[in-house]
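Peer 1: A single structure is presented below for examination.
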Amino acid sequence: MSKKEININNYNDDAIQVLEGLDAVRKRPGMYIGSTDGAGLHHLVWEIVDNAVDEALSGFGDRIDVTINKDGSLTVQDHGRGMPTGMHAMGIPTVEVIFTILHAGGKFGQGGYKTSGGLHGVGSSVVNALSSWLEVEITRDGAVYKQRFENGGKPVTTLKKIGTAPKSKTGTKVTFMPDATIFSTTDFKYNTISERLNESAFLLKNVTLSLTDKRTNEAIEFHYENGVQDFVSYLNEDKEILTPVLYFEGEDNGFQVEVALQYNDGFSDNILSFVNNVRTKDGGTHETGLKSAITKVMNDYARKTGLLKEKDKNLEGSDYREGLAAVLSILVPEEHLQFEGQTKDKLGSPLARPVVDGIVADKLTFFLMENGELASNLIRKAIKARDAREAARKARDESRNGKKNKKDKGLLSGKLTPAQSKNPAKNELYLVEGDSAGGSAKQGRDRKFQAILPLRGKVVNTAKAKMADILKNEEINTMIYTIGAGVGADFSIEDANYDKIIIMTDADTDGAHIQTLLLTFFYRYMRPLVEAGHVYIALPPLYKMSKGKGKKEEVAYAWTDGELEELRKQFGKGATLQRYKGLGEMNADQLWETTMNPETRTLIRVTIEDLARAERRVNVLMGDKVEPRRKWIEDNVKFTLEETTVF
């Protein structure tokens with residue numbers, strides 16, 4: 001993809017515009033970074049990295065280095081033009097404006113970026129506000145400058161020249177220490193950062209991104225010569241491949257478009273879309289353009305070649321996307337950039353759809369005409385997908401009609417114990433392993449808003465099965481009907497009967513397996529539930545410690561071995577320890593107190609921070625290939641003596 005060159009002289013102090021002050025960032029950090037947990041902590045990293053990415057995206061710098069330092073701080077070094085070092089119109093150094101004024105950045109003037117995801121200043125000031133200290137070092141115009149901020153963004157030094165450098169050497173280095181009084185954790189995760197940098201490297205063809213962890217001496221570099229083509233190969237790494245990677249690129253109205261496509265033998269699609277290197281997880285007009293182009297071109301080809309007869313209806317888009325892995329990356333000029341809502345999760349720029357549609361349609365049409373046998377195989381695969389879809393819809397409709405004809409008291413063959421409330425915004429559905437635990441849960445629940453659905457039979461592995469076979473599985477079918485929002489392409493989150501879907505299983509390998517099967521189903525066929533944060537895992541205690549009898553009995557619970565050791569010290573000698581092997585060992589009161597009471601329970605919310613990472617993880621753990629799964633288990637699972645039986 002061609003890059004729009006921007007004159008280095010135009011990126012100066014006048015290019016930084018100020019929109020508003022930095023007030024309230026420390027008071028309401030969630031408004032700026034989403035949360036103050038681990039996700040919010042790493043959002044600070046993304047803000048600074050995105051600034052460096054923008055420089056590389058605009059053609060300045062071919063390397064970005066991230067370092068987790070021994071003291072827990074983090075450094076991002078780019079080799080771009082270097083932030084402006086002169087005085088701003090406000091009467092203070094421009095660097096100080098960038099790091100202390102909210103929404104001061106290069107995006108808003110004409111001399112900064114033509115396309116941009118993050119911006120020097122826009123995120124920098126937020127990172128500074130939420131750090132106990134921050135240092136910025138700038139190499140530019142043959143000199144090296146440095147400034148330090150402390151206590152949430154207050155400058156403690158002015159911008160000083162601290163040395164010289166060759167005029168050819170430029171860049172910005174930012175080091176910051178997150179404020180432990182704001183974040184629940186300040187522990188940067190090597191794997192989380194490395195996977196995000198890997199994704200960015202795919203989108204920045206021939207730019208090297210590195211991560212070094214000085215705490216553990218781990219280090220890794222990412223560099224991809226083929227960009228999004230390599231990205232698609234990465235997504236399909238553990239799958240059976242049906243086609244080579246198809247790559248299309250083009251430019252129209254200032255929009256630059258790159259698309260890579262490849263088909264595998266799976267039954268679901270995986271489309272990742274990006275705007276100015278920022279992931280648009282909810283898609284948008286650019287993704288709509290891609291999908292419409294594929295559907296239109298494939299149907300036209302099927303008609304011309306006679307694979308679809310006159311009497312046949314056109315295939316649906318979902319038929320052509322079965323088994324498709326695709327990466328769409330577009331660069332949108334600032335004057336056309338428009339997102340829906342406050343986040344950058346969905347592109348709203350109207351012009352993006354016809355631009356992407358036109359480029360992809362032209363290139364895909366040519367490819368199909370040049371590769372007739374492969375094209376025909378893809379059409380036949382889509383026809384099979386249509387047949388499976390129609391069979392699945394018929395089975396689903398029959399299932400729904402059969403359930404609706406039953407009396408309320410016989411609902412779901414007596415499986416579901418419904419909540420009294422009819423308010424979906426408050427109701428919770430517990431998916432409980434086994435009848436015995438289901439019985440305790442029914443007795444212990446708050447019947448006003450908690451519904452119980454025991455899972456008695458085997459849950460099918462939905463990563464391997466066709467939709468028609470999935471709907472034959474009684475447990476899956478019951479869940480679909482209970483949740484009430486459809487499944488797959490027909491899923492509508494607005495119709496869901498519950499605000500929280502809570503998976504509650506035993507704390508053993510069987511329980512973990514059931515969790516994995518259920519999460520795979522939700523990920524594949526009810527993904528909006530997961531993306532919107534409606535799926536949870538209950539966390540029952542592992543231990544119960546008691547001492548005394550009758551009214552004098554003391555009881556406490558431990559969820560980890562560390563908590564157990566604390567209880568041992570607290571209770572001293574004479575205490576009784578019970579290790580829970582299953583939910584059924586707890587009576588109704590204990591289950592309510594430890595696992596179901598909103599005031600005292602602990603729930604794990606299931607989220608998708610990185611879709612590419614999630615897709616690969618599901619493929620490895622639930623797919624057909626044994627060797628990648630064995631390797632992942634060997635690398636990531638520690639087997640202890642507690643899990644080993646010695647005879």
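Numbers run from 1 along the shown chain.
Including glycine, each Cβ sits where the backbone N, Cα and C put it.
OK, Swiss-Prot features for this one:
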BINDING   Y11, N51, D78, G118, L119, H120, G121, V122, G123, S124, K344  ATP binding site
REGION    391-421  region 'Disordered'
COMPBIAS  391-401  compositional bias 'Basic and acidic residues'
DOMAIN    427-541  domain 'Toprim'
BINDING   E433, D506  Mg(2+) 1 binding site
SITE      K458  site 'Interaction with DNA'
SITE      N461  site 'Interaction with DNA'
BINDING   D506, D508  Mg(2+) 2 binding site
SITE      H513  site 'Interaction with DNA'
SITE      R629  site 'Interaction with DNA'
Peer 1: Could you state the whole-number distance in Å separating the C-alpha atoms of N461 (site 'Interaction with DNA') and E433 (Mg(2+) 1 binding site)?
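Peer 2: Given the Cα positions, N461 (site 'Interaction with DNA') is 16 Å from E433 (Mg(2+) 1 binding site).
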Peer 1: By CA-CA distance, flag whichever of D78, D506, D508, H513 among the recorded positions is nearest to K458 (site 'Interaction with DNA').
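Peer 2: Going through D78, D506, D508, H513 one by one, the Cα closest to that of K458 (site 'Interaction with DNA') is H513.
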Peer 1: With G123 (ATP binding site) as the reference Cα, tell me which of the recorded positions E433, D506, D508, H513 is the closest one.
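Peer 2: Smallest Cα separation from G123 (ATP binding site) among E433, D506, D508, H513: H513.
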Peer 1: Between D506 (Mg(2+) 1 binding site) and D78 (ATP binding site), what C-alpha distance do you get in Å?
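Peer 2: Cα-Cα distance, D506 (Mg(2+) 1 binding site) to D78 (ATP binding site): 48 Å.
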Peer 1: Run through the domain 'Toprim' (427-541) and tell me, per DSSP, how many residues are helix, strand and coil.
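Peer 2: Split into helix, strand and coil, the domain 'Toprim' (427-541) gives 52 helix, 21 strand, 42 coil.
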Peer 1: Which one is it, among the recorded positions E433, D508, H513, that lies nearest to K344 (ATP binding site) by Cα separation?
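Peer 2: Closest recorded candidate to K344 (ATP binding site) by Cα: H513.
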Peer 1: Out of D78, E433, D506, D508, which of these binding-site residues shows the lowest number of other CB atoms within 10 Å of its CB?
Peer 2: D508
Peer 1: Compute the C-alpha separation of H513 (site 'Interaction with DNA') from E433 (Mg(2+) 1 binding site), stating it in Å without decimals.
Peer 2: 11
Peer 1: Report, in whole Å, the straight Cα-to-Cα distance of D508 (Mg(2+) 2 binding site) from D78 (ATP binding site).
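Peer 2: Between the Cα atoms of D78 (ATP binding site) and D508 (Mg(2+) 2 binding site), the distance comes to 46 Å.
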Peer 1: In Å, rounded, how far does the Cα of E433 (Mg(2+) 1 binding site) sit from the Cα of D508 (Mg(2+) 2 binding site)?
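Peer 2: Cα to Cα, E433 (Mg(2+) 1 binding site) and D508 (Mg(2+) 2 binding site) are separated by 12 Å.
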